[in-house]
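Trainee: The following block contains the structure, expressed as structure tokens.
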Amino acid sequence: LLVNLQAKMGVPLVCHGHSRPVVDVSYSPVTPDGFFLISASKDSNPMLRNGETGDWIGTFEGHKGAVWSCSLDKNAMRAASASADFTAKIWNALTGDQLHSFEHKHIVRACAFSEDTHLLLTGGMEKILRIFDMNRPDAPPKEVGNSPGSIRTVEWLHSDNTILSSCTDSSDIRLWDIRSDKIVRTLETKFPVTSAEVSQDGRYITTADGSSVKFWDATNFGLLKSYEMPCNVESASLEPKHGNTFIAGGEDMWVHRFDFQTGEEIGCNKGHHGPVHCVRYAPGGESYTSGSEDGTVRIWEVGSVHHEESNPRSGHVKLVAEEVVRKAESLRITEKAAEAK
């Protein structure tokens, strides 16, 4: 009841626990046990939560430096973290036990599980992309190409045949074919890319650079849309089910929500007390999360704030109708689950 009341009042679920800034958040896909949220923080302790309620499940303890990136595999059975202690670690997400630690020669800034969950991709200050085989964790990693600078983001696409990376001091995204070890495309941006997300259906790449959010076709890599934001943004995420909205967060401490087709701002969530470093939509699109310099993770329910949807525009009724349908579907699912018990 309290959670529902908070949502109606527009109060986010505030997840405390980190003692330093939160710099990355990542959701698992929906699993038979629900979906999960992992957060990375400069306090060196990644945390796992229930993605729907924000309830704390556990903390992965073992890093000796800031954790810059975190990832869950598609079954939410394993977690990965990339740290300033020159390691990327794999964890058992059920027990919290460390399964493996991959040594690097410098700070590791980014990590990502492959879609088939057998590979872990890392990148960082060494300027080297590495692919570790989860089935042979003691084997030397495959190294891909030479990056022009310190690697900031990494992602998989095209059924794990292509990897995407961006660097802290070059204004572009590089796409590598791991079969040939060659760059297949370079996507030019105005500023270094601080966030990259491949959509759930594999069709779009969402990036943030400077004060711009861009959407790229993940098949032919053409630029589809580019929108200027109210401030410099550090992270952006596309709604995964319908692709009709996106969120962005940055230096003004707010989480902004926009119409994908027009770029019009349709919502703004205020509550963080420091710059927003990371934002991500939940896998079902019913909520989204943000991590901030203030050390908190906040989960915001879509459409929970009346003024958030109050801007006069033609799409208002459509979005509200979709929200009603979603809530009705959610209620039916809950009722079926109750009957099953």
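If you go along the chain as it appears here, the first residue is 1 and each next one adds 1.
Using N, Cα and C of the backbone, Cβ positions are placed for all residues, glycine too.
Since the structure is predicted, the reported quantities are computational estimates derived from the model, not experimental observations.
Sharing the record's features from TrEMBL:
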- 60-101: repeat 'WD' (REPEAT)
- 269-302: repeat 'WD' (REPEAT)
Trainee: The repeat 'WD' (269-302): which same-chain residues, six or more beyond its ends, come within Cβ distance under 8 Å?
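Mentor: Same-chain contacts beyond the flanks: 7, 10, 12-16, 18-30, 35, 37, 39, 41, 43, 47, 49, 51-52, 54, 195, 197, 200, 234-242, 247-257, 308, 323, 326, 330.
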Trainee: What does the DSSP secondary structure composition of the repeat 'WD' (269-302) look like, as residue counts for helix, strand and coil?
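Mentor: With helix first, then strand, then coil, the repeat 'WD' (269-302) has 0 helix, 18 strand, 16 coil.
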Trainee: When secondary structure is assigned with DSSP, how many helix, strand and coil residues does the repeat 'WD' (60-101) contain?
Mentor: 0 helix, 22 strand, 20 coil
Trainee: What average pLDDT does the predicted model assign to the repeat 'WD' (60-101)?
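Mentor: Its mean pLDDT is 98.
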